[in-house]
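This report refers to the structure that appears directly beneath it.
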Amino acid sequence: MNKDIATPIRTKEILNKYGFSFKKSLGQNFLIDTNILDRIVDHAGVTERTGVIEIGPGIGALTEQLAKRAKKVTAFEIDQRLLPILEDTLSPYDNVTVIHQDVLKADVRAVMDEQFQDCDEVMVVANLPYYVTTPIIMKLLEENLPLKGIVVMLQKEVADRMAAKPSSKEYGSLSIAVQFYTEAKTVMNVPKTVFVPQPNVDSAVIRLTLRKEPAVAVQDAAFFFQVVKASFAQRRKTLFNNLVNNLPNGKENKSKIERALQDSHIDGKRRGESLSIEEFAVLSDRLREVLL
């Protein structure tokens, strides 16, 4: 069997063989450290019972390590130029399928139904293209897919925001959106030096364990997220001002918003970043009652 893909020498050989040039627009940074890849697979808890969805396999460095341990790996690759490379580099593995499609446009549930019938669990494990990290993760969460969890490499700053706690400078609407659906934990930091080409930012691996039920029960999830988004619209403004200025018809309903805050025992002079997800749940339900 071939030597591991994820070494500097082998990666260079593969890229030279195919005359591959990186597309900045696709956020292509390939990992060249097998130890880090192994640790990612460890954090994902992949076993011979696991089906894995990978997004952006590149030349197959992570795919290869997943294929060694998983029952089945299905990878979404948007860049047509990588398809013949993947066919070559992953030829030793008969448990890998590559789908040439943008995962944001894919029917992921249908792919799961088709690919993973004989798997006990499904994980998403990926080194995500940084420019579409958040849309990809939110799509996977909002579609309520039967996933056990998501373990992905992403920009450290984004990982910090996803796992942030109230009253920290990283805490915001993304923290709440991710933690509504999952338990989020940053499991490792990754230096720039283990990629080609080197990215401009530091990276981290985050583990998102899917909750059986959302973190909080709310009457209307869409309205809950609307309230959260409004509360963080301008971080320096008070919660009351943000709600008035950013909720639909907020300015005409100042007194109702004030009443909802009082009923929820939340001081309108606080800032959105100081509220826990539980407080946002109470507030959004009360706002819904008085506004809708």
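Yeah, the Cβs are placed from backbone N, Cα and C, and that goes for glycine too.
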Taking Asp102, Asp160, Asp220 as the options, which does Swiss-Prot list with Asn29, Leu31, Gly56, Glu77, Asn127 at the S-adenosyl-L-methionine site?
-> Asp102
Using only the Cα atoms of Asn29, Leu31, Gly56, Glu77, Asp102, Asn127, which the record gives as binding S-adenosyl-L-methionine, return the largest interatomic distance in Å, rounded to a whole number.
-> 21
For Gly56 (S-adenosyl-L-methionine binding site): intrachain residues, at least 6 apart, with Cβ closer than 8 Å | Phe76, Glu77, Ile78, Ala126, Asn127, Leu128, Pro129
